Amino acid sequence: MKKRGYMLKGYTYECKRNYLIDNLKVILIFLVVLGHTIENYINQNYILRGIYVYIYIFHMPLFIYISGYLSKKNLKSVNGIIKKLILPYLFFNTMWYLCVYLVTGENMFSIFYPGWTLWYLISLFFWRISVMYITKIKFIIPISFIVGLLIGLDKTGENFLSLSRTIVFLPFFLMGYYTKEKFLNNISSIKKSIGIIIMGVVLLISMYIAKEQIVNYKFLYNSHGYSSNNLSIYNGILFRFILYILSIILSIGVIILTPSRKVFYSKFGKNTMNVYLFHIYLVAIVLGIVPKWNISFLHNLIVITSPFFIMILLSQNFMKVVYKYIFMPINYIFDVILRIIKNIYFKIIKI
């Protein structure tokens with residue numbers, strides 16, 4: 001655990017960082033960047049497609065599990081959640097669709113349909129707003145799994161406000177929310193050989209799924225109903241149930257193998273949200289450059305190494321400053337508008 005000390009009346013008080021969480025966040029955000037970087041090339045090679053399937057089985061479920069775990073300490077006022085999630089969503093969603101328009105000439109802008117990776121912000125908003133209410137429901141975790149299976153029957157809405165993903169991934173957020181630190185430590189202390197076996201077995205399963213194309217890899221996004229993935233109701237529910245099981249098992253394997261002590265990459269665990277928000281623009285640049293390289297060695301080298309450089313660059317502290325100066329005026333305007341609305345409201349109720 002990292003210790004950050006401060007002085008009070010001659011004594012040093014220490015607060016600890018959870019390095020297991022920091023290390024998991026770094027690993028997962030790297031896989032997010034890697035997955036988006038190789039996405040354009042997975043149809044060319046089943047091994048690459050197998051790696052992609054492997055990543056998508058667990059990286060967002062585990063990321064969301066950690067989000068739930070950390071949300072116990074981050075349940076602020078509604079205004080605070082709006083500032084942290086909705087305002088960034090509106091800003092980056094606008095920026096993304098603006099970039100799409102400038103590059104392609106196609107106007108796809110919509111507040112209600114998140115661009116590329118931005119679904120996570122709107123989903124996290126819904127999870128944090130609702131968790132204080134839905135946790136009062138008995139057996140909410142098994143109920144959330146059942147609802148996650150049934151939402152695939154819906155043929156409408158789908159990616160609208162990320163509702164499908166919000167519901168499908170809700171069980172992972174809830175499991176994280178209910179998790180105690182002792183439980184995580186117990187998982188982490190399991191023999192590493194068990195973690196290796198788990199990850200190896202699921203990797204073989206992923207390669208088999210990719211080679212035989214048992215299910216479209218887009219099914220792993222959980223953004224659309226079963227019919228959109230050409231699946232019957234029976235197969236859709238069955239595959240999602242299996243995916244739930246594999247996600248949990250593989251996540252356990254990853255936790256087992258992740259160091260719980262400070263390592264060289266632990267420091268990057270503080271700034272993973274900045275990586276998540278900004279990486280899509282750098283990945284888009286890489287995807288625009290790589291096809292122009294006719295030399296396969298350089299092509300592969302860029303695809304493999306760029307996620308490392310993107311993650312390291314965006315994890316630097318200067319990105320916090322960039323983020324701060326982007327949202328300082330936005331938050332100020334939001335506060336002014338909120339004060340005006342409150343003043344109008346109080347004047348109305350006095351009439």
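From the backbone N, Cα and C atoms, a Cβ is placed for every residue, glycine too.
Unlike curated entries, TrEMBL annotations are predicted automatically.
The model shown is predicted, which means the values in this text are computed figures rather than measured ones.
As recorded in TrEMBL:
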DOMAIN    19-314  domain 'Acyltransferase 3'
TRANSMEM  20-38  transmembrane segment
TRANSMEM  50-70  transmembrane segment
TRANSMEM  82-103  transmembrane segment
TRANSMEM  134-153  transmembrane segment
TRANSMEM  159-178  transmembrane segment
TRANSMEM  190-210  transmembrane segment
TRANSMEM  237-259  transmembrane segment
TRANSMEM  271-290  transmembrane segment
TRANSMEM  296-314  transmembrane segment
Whether the transmembrane segment (237-259) meets the transmembrane segment (82-103): three or more C-beta pairs under 8 angstroms: no
Sequence-remote partners of the transmembrane segment (271-290) [C-beta within less than 8 Å, at least six residues beyond its ends]: 25-26, 28-29, 32-33, 36-37, 40, 88, 92, 96, 99, 116-117, 120, 299, 302-303, 306, 310-311, 313-317, 319-320, 322-323
Segment confidence, the domain 'Acyltransferase 3' (19-314), expressed as mean pLDDT: 93
Touch test for the transmembrane segment (20-38) and the transmembrane segment (190-210), at least 3 Cβ pairs under 8 Å: no
Long-range environment of the transmembrane segment (50-70) - Cβ separation under 8 angstroms, sequence gap at least 6: 21, 24-25, 28-29, 31-32, 34-35, 38-39, 42, 120, 123-124, 127, 131, 169, 172-179, 184, 202-203, 206-207, 209-211, 217, 220-221, 243, 246-248, 250-251, 254-255
Distal contacts, the transmembrane segment (82-103) - CB-CB under 8 A, six or more residues away: 76, 109-111, 114-116, 118, 121-122, 124-125, 128, 277, 280-281, 284, 326-327, 330-331, 334
